[in-house]
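According to TrEMBL, the protein has these features:
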- His258: active site (ACT_SITE)
- Cys305: active site (ACT_SITE)
- 1-74: domain 'CARD' (DOMAIN)
- 181-309: domain 'Caspase family p20' (DOMAIN)
- 342-421: domain 'Caspase family p10' (DOMAIN)
Amino acid sequence: MNNKDRYIINTNLERLVNNTNYNALRSECIERNMLSQTMASRIESMAQDEITRHKKLFEKITKRGPKAFDTLLNICQQMFPKAYSILKPSSNDHQMHSTHNPQRVRSVSCNVAPKAYSFRGPGDVEDGKMSNLASSTLVEESKHVLQVHPDILPTSFSVKLSDGPTETHPKVMAYPMKSRNRGVAFIVNVITFLKDVHPKRNGADIDGRNLISVFQQLGFVVFYYEDITMGDLKELLVQLKDSEHLSCDCFAFYVLSHGDHRKGSDYIILHDNSILRVEDLLTEFNTVNCTKLIRKPKLFFISICRGDQSDRGLFRLSTNTERDGMIDLKKPIPSNIATYCDMLVCYATVPGFAAHRDTNTGSWFVESMCKIWSQHAHDTDVEILMKLVGEYAATYRTEGSALQTICTEQRGFFKQLYLNPGYYEYPAEL
């Protein structure tokens, strides 16, 4: 929660207490995963009288992550109109919070590159950072501009929040994941291809919505782009690496497209039908080319085919499936740091085999990951999460009996990584 929102709550504490019901607010906070049952019980054990409990509940909400204010707004709008007017004095029933407002998402299908899509709901208030957007419409941002994706309403995947840091293995350290700058997720989703050289990836827009929602719930700043060319990608990566956004705990790069695996290398097809080698992508973020991410965990998710074979081998039968086939910094390298380290690379399938995508629910890889991460990221290490993702994805089958096996590769990824959604050990900067 930013300082402005926290200030609004703290300076109106008495009025908020007088205009809300403790038991109802407590129940809603637990129902919406803003508080755990343990947290609520702890508040009640610390305060004997109801008013003090009520105040401490609001104080706890101010410490529950970047989406806590929006969740509180939504609760008050539905149940406590007077409290809502206190939190949003200039709002009417149709207005949303300017910085962290829930958004109404629409499906995307366009043939012009590049697009960095922003979604705003009706009656949105400008926050000084976003360009003017017409309400309830899909807007294309300026070409080659690095822009944070605004928050959207959670999809069917609701991330459970962490009660605190998870106890790590006594012999394996954990990456620090407790600051307000939790992470950056850079997502490239190629749906259509110029001149229809490759088939449209039907259902891929669903993957985009799910990934944006899950990573935002995990506390990550999200950059999301559809149908970009090689030139667009290179320019955006230059902007990203020059920005202050990489002063974060963790970095995630997610690419979804057609692809292939030839002569030991994996290739990603972009909107202009250009070919990006996965190895070249990883090189962009090694310790030589991206010094801001030295000693920080870097996650790469490659949702492409790696061949055209179908794996025939419980069963979840899916009848609507398609296949996703088809700088030198003048600074010395810090001592004892390898060129490729702290990297975890996750592929949708193994070399030589196809990856599958349901036209109604999105790709198996993304759907499985969003489901598992939403349920277990609050207390489970990322490498274990990916094992669970693989186990879950292995239960899918196409109507032709093909299945899919995800594959992970670690490059100097020697520590545990707990995402700790909703938990912040360090206070926000004043």
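From the backbone N, Cα and C atoms, a Cβ is placed for every residue, glycine too.
Predicted automatically and left uncurated, TrEMBL annotations should be read as such.
Here the CA atom of His258 (active site) lies 6 Å from the CA atom of Cys305 (active site). In this structure, the active-site residues under consideration are His258, Cys305, and the one with the smallest number of other Cβ atoms within 10 Å of its Cβ is His258. Counted with DSSP, the domain 'Caspase family p20' (181-309) comes out as 43 helix, 40 strand, 46 coil. Helix, strand and coil residue tallies for the domain 'CARD' (1-74), in that order: 54 helix, 0 strand, 20 coil [DSSP]. Model confidence over the domain 'CARD' (1-74) stands at 85, taken as the mean pLDDT rounded to a whole number. Note on the domain 'Caspase family p10' (342-421): DSSP counts are 25 helix, 21 strand, 34 coil.
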